[in-house]
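Some features that Swiss-Prot has for this protein:
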- 242-253: intramembrane segment (INTRAMEM)
- SER398: site 'Controls the electromotile activity' (SITE)
- 1-75: topological domain 'Cytoplasmic' (TOPO_DOM)
- 127-137: topological domain 'Cytoplasmic' (TOPO_DOM)
- 152-168: topological domain 'Extracellular' (TOPO_DOM)
- 197-206: topological domain 'Cytoplasmic' (TOPO_DOM)
- 231-241: topological domain 'Extracellular' (TOPO_DOM)
- 254-258: topological domain 'Extracellular' (TOPO_DOM)
- 283-291: topological domain 'Cytoplasmic' (TOPO_DOM)
- 308-332: topological domain 'Extracellular' (TOPO_DOM)
- 389-396: topological domain 'Extracellular' (TOPO_DOM)
- 407-410: topological domain 'Cytoplasmic' (TOPO_DOM)
- 433-436: topological domain 'Extracellular' (TOPO_DOM)
- 505-744: topological domain 'Cytoplasmic' (TOPO_DOM)
- 76-105: transmembrane segment (TRANSMEM)
- 138-151: transmembrane segment (TRANSMEM)
- 169-196: transmembrane segment (TRANSMEM)
- 207-230: transmembrane segment (TRANSMEM)
- 259-282: transmembrane segment (TRANSMEM)
- 292-307: transmembrane segment (TRANSMEM)
- 333-367: transmembrane segment (TRANSMEM)
- 371-388: transmembrane segment (TRANSMEM)
- 397-406: transmembrane segment (TRANSMEM)
- 411-432: transmembrane segment (TRANSMEM)
- 466-481: transmembrane segment (TRANSMEM)
- 484-504: transmembrane segment (TRANSMEM)
Amino acid sequence: MDHAEENEIPAETQRYYVERPIFSHPVLQERLHVKDKVTESIGDKLKQAFTCTPKKIRNIIYMFLPITKWLPAYKFKEYVLGDLVSGISTGVLQLPQGLAFAMLAAVPPVFGLYSSFYPVIMYCFFGTSRHISIGPFAVISLMIGGVAVRLVPDDIVIPGGVNATNGTEARDALRVKVAMSVTLLSGIIQFCLGVCRFGFVAIYLTEPLVRGFTTAAAVHVFTSMLKYLFGVKTKRYSGIFSVVYSTVAVLQNVKNLNVCSLGVGLMVFGLLLGGKEFNERFKEKLPAPIPLEFFAVVMGTGISAGFNLHESYSVDVVGTLPLGLLPPANPDTSLFHLVYVDAIAIAIVGFSVTISMAKTLANKHGYQVDGNQELIALGICNSIGSLFQTFSISCSLSRSLVQEGTGGKTQLAGCLASLMILLVILATGFLFESLPQAVLSAIVIVNLKGMFMQFSDLPFFWRTSKIELTIWLTTFVSSLFLGLDYGLITAVIIALLTVIYRTQSPSYKVLGQLPDTDVYIDIDAYEEVKEIPGIKIFQINAPIYYANSDLYSSALKRKTGVNPALIMGARRKAMRKYAKEVGNANVANATVVKVDAEVDGENATKPEEEDDEVKFPPIVIKTTFPEELQRFLPQGENVHTVILDFTQVNFVDSVGVKTLAGIVKEYGDVGIYVYLAGCSPQVVNDLTRNNFFENPALKELLFHSIHDAVLGSQVREAMAEQEATASLPQEDMEPNATPTTPEA
């Protein structure tokens, strides 16, 4: 046996011993001395806020322009190769995705390239994540497309008598204008939220909500891409039940499908599925994932151009990709009142997706991202990008994993990827004009695999949390059938309602003691745990406030089995039986327990003033129930103390304080003490502010821990028993008993 094993102490023999006083709240406060806090005046705070120092200026620049912090510290020899490989790998994936997601956004494909260039450059300056890939994202693109199609439907009549069927260019120009307006407004919203430090809004989009939402969005994207895969001409729908209408329209026109288009799409679909499995299986051995999407684009373009699929077989292709960058244009702000709901949804969803992926990769690589600065960065990318005719962007999950997985160290990898897109925009775009839309459709559908795999969340949430399962399902169903905008609003409302439900219907437990320890556990969970005679310990795992205060009081009486009203009723019934037996009607009308103190705040008995000293009535007056009446009472446990475990209560509002005061009074009326154990300083402050301690004696009901309250209760009962014994008259003592005197 080695030295470590010789010195190892078995867990069952490890002990700790503590000897200290029983800490009620007043006793503990006597042992503590509050630290003096230096409070700054408003003038000092303003002076400090507006004081300009070089360090403060530098920190502001670092915060608003993170590139000024990480670029000077760039380790060229260590980072450049990884950023180079990552940038190329991300760029070859960004090209087909930019073209494909433009189709989802209902704008010409070249605008997908613009959206893959401008925002990426801007994010490099303002973003705090080193690894995410900014640009078009399927869900956001689909939401943009929904707005564009709603305001500019396929069958719109353009002013001047040009029908949309024959005026595709005019219709697309209007849709671009709508997309620019939505993008500008969503960017302004994101920027303002970031400046106001509202980065915390992402916490309201819980993981089940986001995953249910993106899964529903994947179904929307899938149905939107079917028409391109089958090569059929159908109207594009948006709004409520759009996914149903789109599916029905494709199925009704399936007899007119283009076999050549379907064949090319399925070929690319199979290639991508098999290739991605290969990449996943051999990712440890491959220096970088095989750029399958880029190969699919090259192969599809080559086959289409070689066999002249567009002219010979009527296969829809990308079409003209004009070379060069468009000059800046002002978005149409007059559309804001028509798109503000969509802009809010796009702003929040885009930020939520971005910050979740950014935090995941940041935790993996050991750095931090700033949610507020991410909002500002996205706001700048969208608002300024809209001037250059881009549509709303976000973090692409698939590209981010590629950018990080291929060795990317900084956002210079993203800049390199955007430069590859710029090369296509300026010089080589015409090479992809023959690319079949079915190929882009297959690329999009294959990249939805990860989102469809989120259906596996359902059995997990079924096992772990029915509430989170409810959030997932309601988000999915509402987003699927109501549309992504109203579905998101519905999902957020449902998620907030579950928070209220959890606090309104928390778990209530009656605790017992693990024998010979100060450990108190749920008595229903373990056989070894036993209740302490005469004491009930009641626990709640939520705050006590207006929504659950009445439920708390009811649960206390139900779970502990100690109901003051029933106790009072039983005693009065015993009095009536006794009166009937002895034939004294006056006894039946006697008061069983008289308590002069009232602590509910409304009917409180006013304290008496005597010699300028305020005297409060006692909290609990213990009265002796005549022994001759005991036989008329139902047999049961004689509870003398109820301990409320507040270790998991983080606040109490005014309604909750009144409820607690009522509980103390109600139990006090039948001679039962109510102790509060484990109150946090916040809860004590809540009780103090709401005048719970108007009677100073109530502070004696607060204890530092459950064990302190238990010991305090036992000491109190022991002292009361000694006093009762000492007060017995001499004739009640045993005949031969000799009074003892304490030793000197």
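First residue shown is number 1, and so on along the chain.
Cβ atoms here come from the backbone N, Cα and C positions, even for glycine.
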Helix-strand-coil residue split for the topological domain 'Extracellular' (231-241), DSSP-based: 0 helix, 0 strand, 11 coil
Recorded stretches the transmembrane segment (76-105) and the transmembrane segment (411-432) touching, at least 3 CB pairs under 8 Å: yes
CB contact flag for the transmembrane segment (333-367) and the transmembrane segment (466-481), at least three pairs under 8 A: no
Residues that sit under 8 angstroms from SER398 (site 'Controls the electromotile activity') by C-beta distance, when 6+ apart in the chain: LEU93, GLN97, ASN447, GLY450
Contact ranking winner - 138-151, 207-230, 259-282, 371-388, 411-432 against the transmembrane segment (484-504), Cβ under 8 Å: 207-230
Segment-level pLDDT (mean, integer) for the topological domain 'Cytoplasmic' (127-137): 93
Positions whose Cβ lies under 8 angstroms from the transmembrane segment (371-388), at least six residues beyond its ends: 63-64, 66, 114-115, 118-119, 122-123, 126-129, 134, 180-181, 183-184, 186-195, 197-200, 202, 325-326, 328-331, 347, 350-351, 354-355, 358, 394
Helix, strand and coil residues within the topological domain 'Extracellular' (308-332) as assigned by DSSP: 5 helix, 1 strand, 19 coil
Of 169-196, 207-230, 397-406, whichever stretch has the most CB pairs under 8 A to the transmembrane segment (259-282): 207-230
